[in-house]
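Have a look at the structure below before the remarks.
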Amino acid sequence: MQDRFIKCIAELPKPLSDALVPMLNAEFAGHIDAQQLSTLITKSGLAESELLIALLPVAAALARPPISEFYVGAIAKGKSGDIYMGANMELSGEALFHSVHAEQSAISHAWLSGERQIEDVIVNFSPCGHCRQFMNELVEGQKVKIHLPEQQTQPLSHYLPYAFGPSDLNITEPLLTKQQHELSLDSSDPMIIEALDHASLSYAPYTNSYAAVVLETQDGATYCGRYAENAAFNPSMLPMQMALSTMARHNREFCEISRAVLIESAGGKISLVGATMDALHAVAAVELEHIVLDPE
């Protein structure tokens, strides 16, 4: 079991901890599939809603909050039945806009895993306005059920009434809808090919600035992030922050980054290169490889 889970496991009911510990191996990064979830329900004796609340300390253990020292964990439950954990992340000494919120982390985890719809979000503290707006970008976002400890489950519309969202800007395919943008580049570099694939799946209906980041560590592992825009603009999630959040979930240190690639479309209204370099240089002594593609 990973050291970061030792404290929270000790505080769980024994039937749950006994069932959960074998899952928390070196590869665990917050994903529990529907079959594993069913096993945990059976072995713990908890109802699903009780189990998901009980798992929040495990999600919070994924957090990296060097500034706030405030650990927030979130769980996104997909239509597939799988659950995806996420946690807040801050960049030490850097501006707060680099921060990733727990709900963003969990939802991006689900998105990168191929999930097409989030039905429930479970979080250990009430979602801030930023996260409520981010969740409103999802497929049927207003219907997403929000679960909080010792609170009645409510749809997002309860927390964000009279919401402004994608439909107000005539967007009919919201976040997590399958995106496939035509981007191409002649390259045999596996890392660039991976970045290209993720850029083609990014969500940028407001600027058409399709983009993705891939980070490689010294042992050859790669971690990716896609651009996820928001109708309210500021809650948009940048691909570098998503990639760093992915690394954090996998228990990797940012100093292990040995290579970083940003691919973005030349046809967009903005460029993410400046913001991407700022975040990268805050955590690693690596130069950004920046590739701009003409749309087909």
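Quick reminder: no glycine exception, Cβ is built from N, Cα and C everywhere.
Matching His101, His109, His147 to the Zn(2+) binding residues that Swiss-Prot gives (Cys128, Cys131) identifies His101.
Helix first, then strand, then coil: DSSP counts for the domain 'CMP/dCMP-type deaminase 2' (186-296) stand at 36 helix, 30 strand, 45 coil. In the predicted model, residues of the domain 'CMP/dCMP-type deaminase 2' (186-296) average a pLDDT of 96.
Residue pair Glu103 (active site, proton donor) / Met89 (substrate binding site) shows a Cα separation of 11 Å.
Fewest Cβ neighbours within 10 Å among the binding-site residues Met89, Cys128, Cys131: that distinction goes to Cys128.
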